[in-house]
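Asks: Marked as coiled coil by TrEMBL: 589-616. What TrEMBL records for 43-222 is domain 'YVC1 N-terminal linker helical'. Feature annotation from TrEMBL assigns domain 'Calcium channel YVC1-like C-terminal transmembrane' to 256-534. Residues or ranges marked as transmembrane segment by TrEMBL: 235-255, 267-284, 296-315, 374-392, 434-455, 489-509, 521-539.
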Amino acid sequence: MVQWKKLFGLDNQDHHGFRDEMRRLLPSNTDDLVPSAMPPAAVTKVALRLKYQIEQVVPYELEEWKVTKANSPVITRKVIRTAKEAAGKEHEACVVYCLLVCYRWFKRQANIEPWDADLLNVRAVACEVLAKQLIELEEDQEYLLQDLLLKRYSILVNGEETEPANAVERAVDLHALRVIGSSGYQKCISYLWKGWLIQDDQYPSNFIAWDNKANTNYWDHFDPDRMRAPVYQNAVQIFFSIFFLALYTCAINTINSTGDLDVVEGVLYLMTAGFIFDEVAKFWKVGRYYIGFWNVFNSTLYALLCVSFITRLIALGHPVGDAGGQRRKFNELSYNFLAFSAPMFWMRLLLYLDTIRFFGAMLVVLKVMMKESLIFFALLIIIMIGFLQAFIGLDQIDDNARVTSFIMQAMLNSVMQSPDFDGFENFAPPFGLILYYVFTFVVMVVLLNILIALYNSAYADITDNAIDEYMALFSQKTLQFVRAPDENVFIAPFNLVEVFCLIITFEWWMPTARYERLNNYVMGFLYSPLLCITAYIETKQAHRVKRNRRHGERDEDTTEEWEQMANEVDFESDGWAKKVEGTKPNVETDVAVVEIRELREQVEELKKMVSGGRGKEEGG
């Protein structure tokens with residue numbers, strides 16, 4: 001299959017490039033940032049050492065499967081051991097981060113030097129595989145989470161230090177699927193998602209272990225700060241999204257002919273204001289890099305609702321039963337804008353369902369398809385402009401404005417596979433009709449097939465790695481929550497309470513400690529129904545954690561079906577383990593290599609027998 005992304009240069013994961021290295025990854029309202037755990041110059045030197053190692057390990061273009069297979073002859077145990085020694089014993093934890101830096105370097109170099117792109121891409125894959133092996137071979141879980149994945153480092157770019165980042169964030173930013181799919185990485189994401197690893201109160205960009213994981217006291221879990229956990233923020237967002245949709249459905253099905261605002265519509269527009277404040281606040285703190293597909297989508301929906309609200313206010317400005325019918329006119333226009341936004345309301349629900357595997361994988365497919373369709377639309381616009389100019393030039397009789405409108409409609413019909421040939425018979429026959437036939441052929445046969453090929457390639461690429469893509473999407477969503485700009489979590493539309501009842505009223509004059517305490521009281525009141533549920537869930541989890549610790553198991557372990565009777569069998573004593581050991585195949589070594597080794601042993605034995613027989617003959 002043709003790799004369209006490679007052909008058009010869209011497979012480069014370094015499209016954020018320098019920006020990802022230089023921007024702040026975890027904005028907060030604390031001015032002090034956690035410094036790099038190691039001097040940036042030293043981290044850069046470690047990355048250069050690893051880059052040199054990868055260049056020697058992959059000296060020329062290799063097939064990718066040789067690097068990625070389980071018992072790779074390229075990424076061997078010796079290579080992994082050498083990579084760990086690149087930073088010395090004291091700073092081993094930075095190796096995974098430095099490998100991801102090397103991954104970005106090789107991807108960038110492949111984009112700059114396309115003649116060596118295949119070799120450089122294989123080297124980038126080698127960085128991924130090596131980082132994944134280092135994560136999965138680490139047995140110390142605390143060291144894995146706190147140091148290997150979450151400790152923050154900087155490098156030097158153009159003589160300047162980059163903002164500190166950790167391996168978890170860097171892997172998501174670079175879309176390093178193999179690293180994201182490793183077991184240790186997913187365990188870290190799971191801990192972040194459940195709130196078992198939380199942001200430090202003093203330095204929100206640093207992560208610490210949650211102390212009450214094994215605390216079975218119910219009221220110790222009734223804590224407003226637990227709303228920082230992504231799992232609870234996601235639950236609240238899903239609830240408000242469904243509630244927002246229910247309000248809209250009720251409002252659009254109960255039209256007020258007099259133009260008056262009822263309670264349902266009032267709450268609907270109030271929630272819209274909360275969502276708008278949330279988007280503006282995040283854009284203000286994060287900057288233009290916050291803008292993405294869903295941000296633009298939501299902003300469009302909110303703009304339509306704002307227009308609907310404004311036209312409703314204009315309608316209310318006219319008296320009931322006015323002679324000109326202006327109140328009725330603007331009231332109908334308001335409901336038209338409200339009805340027009342119905343598909344976007346339902347599509348918006350998908351944004352909060354991406355934690356479900358099916359929806360998550362399909363959203364990734366749609367995102368990639370929309371990105372690759374830019375190629376089609378770029379070609380289409382250029383071709384349409386050329387043919388539009390030709391059609392206008394062929395008709396010198398009619399008014400250009402009227403002709404342009406007709407031609408544009410006919411060309412759009414052709415794009416939608418409904419061409420109209422009759423209207424072009426008067427365009428300087430036979431040139432106009434011939435030109436329209438050519439345009440229709442180019443659009444319907446050539447361009448649309450290119451679009452289909454792009455979509456097919458995108459769908460195949462994503463579905464082949466559906467599980468990894470889902471884990472990458474889930475990891476990205478988790479980090480979006482922990483990268484929240486605010487230390488106090490007021491989820492829209494509760495942010496209206498924060499803005500008008502706390503920030504404007506108290507923040508500018510109240511001491512910081514007292515203001516933080518007031519925030520906790522308000523959050524506790526707003527989230528109290530949810531906190532009653534979360535405290536009960538976490539209390540049950542705490543009992544399971546204590547039980548696991550008594551049995552020497554991991555905190556998150558659960559007893560599955562195949563483990564329920566594991567203590568009642570002993571494969572060593574009944575001889576089953578020995579029987580299996582004698583019949584299991586050697587999967588670590590290729591079959592041909594095993595047979596050659598056996599043949600060599602037989603040849604050696606034969607040589608010994610021959611040499612022994614010859615010695616006896618000479619002695620006799």
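Using N, Cα and C of the backbone, Cβ positions are placed for all residues, glycine too.
Describe the structural context of each listed feature in the structure shown, including burial, neighbouring residues and relevant distances.
Replies: Here the coiled coil (589-616) has long-range neighbours at 71, meaning same-chain residues at least 6 beyond its ends whose C-beta is under 8 angstroms from one of its own.
The average pLDDT computed over the domain 'YVC1 N-terminal linker helical' (43-222) stands at 90.
With a threshold of 8 Å between CB atoms, the same-chain residues lying at least 6 positions outside the transmembrane segment (374-392) that come near it are 4, 8, 400, 403-404, 407-408, 411, 415, 424, 427, 432, 435-436, 439, 442-443, 447, 450-451, 454.
The list of residues near the transmembrane segment (434-455) in space but at least 6 beyond its ends in sequence, with Cβ under 8 angstroms from a Cβ of it, reads 2, 4, 369, 372-373, 375-376, 379-380, 383, 387, 390-391, 394, 410-411, 414-415, 417, 419, 421, 424, 427.
Distant neighbours of the transmembrane segment (521-539): 212, 216-219, 221-224, 226-227, 232, 235-236, 488-490, 494, 497-498, 501-502; these residues of the same chain sit at least 6 beyond its ends, with a Cβ under 8 Å from one of its Cβ atoms.
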